[in-house]
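As structure tokens, the structure follows; a few thoughts come after it.
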Amino acid sequence: MIEEADPFIEFLRPPLNETPSERATRKIRESEEKHISDAIDEQIRQEKQMLQKQKELVKVLLLGQSESGKSTTLKNFRLEYARGEWEAEKASWKAVVQLNLIRSITSILDAIQAEIDGEPLSTALELDDLEAPAQPRGSVDMLSVPNEVESNPSTQSALSAEDIQKLQLYRLKLAPLRRVEMDLKLRLGVATEEVTSMDDMPETQSDPGTDTHSLESPDSRHMLRLRKSRRRRIQGEEIVVRGLRWTEFLTYGRTRSVSGKTRASFELQESAEGGATDVLAGCKEDMKILWMSGTVRNVLKKRKIEMENNAGFFLNDIDRIASLSYLPSDDDVVRSRLRTVGVQEYRIFVDTTNTLNLNARPRREWVLYDVGGSRTMRRAWIPYFQDVNAIIFLAPISCFDEVLLEDPSVNRLNDSVALWKAIITSRLLQNTTMVCFLNKCDILKRKLRSGIQFRNFVREYGNQPNDITPIVKFIKDRFRNIAIKYSITQRTTYIYTTSVTDTKATAVTLKSVRDSIFRENLASAKFV
């Protein structure tokens, strides 16, 4: 049998009368052409590999208003699924915990000084509108001033001369903490402090086009406003650090791999932490006496300052944190507070072996995005909606009696409800898995136990018991009904009640979130 000739052999055959120099030149040219061809093949292979990786990558976006618990939720994810990096970075959080403790002490000292000086209380309230048109269903009833708020709080100090002398003495003894606070800020790269009182905010209007009178976005025109003329609430402004700077700080603490000017800056400032540890240890007993003082507690109570509900509360851990050998625990890192400006992105690998999908890969890469929650940052959310697989929305349900710092006419619970509705109705997110954390249940429980009446702020709640179980059910039903009513396409929405500062309980919740998504086999979200 005669074999057919290869039609390309004529093109590949060397010239018949090729000279040695021509042959050398041809070999060089062919080698270069093969190198280019191999490079193209490699590029195609890498692009295919990248496309496959992008298909397998799970993108999760954490959304919610400021101080809703997004950063704390992100910490819990990293604690559970990026343990190696977490352990390597944990020591870097020591400066943050120390700064949180010092700022709590200085806030108390400022409150004491305000009381001594007879400054006005921070709870003076007034109604902006005297008229009270009928409120729609779902409205927040802010017309009834809670019993615990006095209409004309006295500014007369009730401190005795002996009390004032003692408190001034502690103020002097704890004065070194002010310098340490500045040193730690320098170390962390704190460049700005965001507005934390309504006194510093210009008049703002509600977002155009917002339906503030619908069932899901209650009427906010009758919210109580804090007096524009009053003093700033004394709880300390929130510390803010640029996201890039914070990432570099953690990277330096983990690997010492930053270089150049940044490395020199961190090395120069590293001595500040040692100085802070020494000063805190020296002030430990005085800090404990100050915090445990009945006189101080009475001043804080009179001025409606609830230190326990503040983020970064460590006053009950002074003995441990103010020791020379202190190292942060997992709970310390999760509970610490440091707001970063800009988007934070972290990658974790989630174990899938315990799910019902037997064909799933053992580990899947997730990329988590934590974006700012203040009103000025919300426009930056939209670019992250593209190709996002899941959204975890944080709604702080303990904030039913609070207003937005950016706009004192808007109740924080109302704002979360309106945000949830906007996300549910977005066409960009119609195929996205929705998870909602009704967060800060621990603080909600403390508020209810203190006597604050939920019905005074949420009229639709009616005369139901002022207990956490029916209140959480009421709020949960509201969020679930919005998801059912306004979802463009039929989908399952997962709603959990959480206190994300509780690492053990949150770890169980995160596994439940993971398992629920895998169990539903949401192919469109590419989780399985």
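In case you wondered, yes, glycine gets a Cβ from its N, Cα and C as well.
Feature annotations, courtesy of TrEMBL:
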- 195-218: region 'Disordered' (REGION)
- 203-212: compositional bias 'Polar residues' (COMPBIAS)
- Thr340: Mg(2+) binding site (BINDING)
- Asn439, Lys440, Cys441, Asp442: GTP binding site (BINDING)
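For the binding-site residues given as Thr340, Asn439, the lowest number of other CB atoms within 10 Å of the residue's CB is seen at Thr340.
Within the set of binding-site residues (Lys440, Cys441), the lowest number of other Cβ atoms found within 10 Å of a Cβ is recorded at Cys441.
Non-local neighbourhood of Asp442 (GTP binding site): Ser398, Ser499, Thr501, Asp502, each in the same chain, at least six residues away, with C-beta under 8 Å from its C-beta. Compute the center of the Cβ atoms of Asn439, Lys440, Cys441, Asp442, which mark the site for GTP; besides them, the chain residues with Cβ within 8 Å of that center are Gly69, Pro396, Ile397, Ser398, Leu438, Ile443, Leu444, Thr497, Thr498, Ser499, Val500, Thr501. On a Cα basis, the residue listed as 'Mg(2+) binding site' lies 20 Å away from Asn439 (GTP binding site). Cα of Cys441 (GTP binding site) to Cα of Thr340 (Mg(2+) binding site): a distance of 24 Å.
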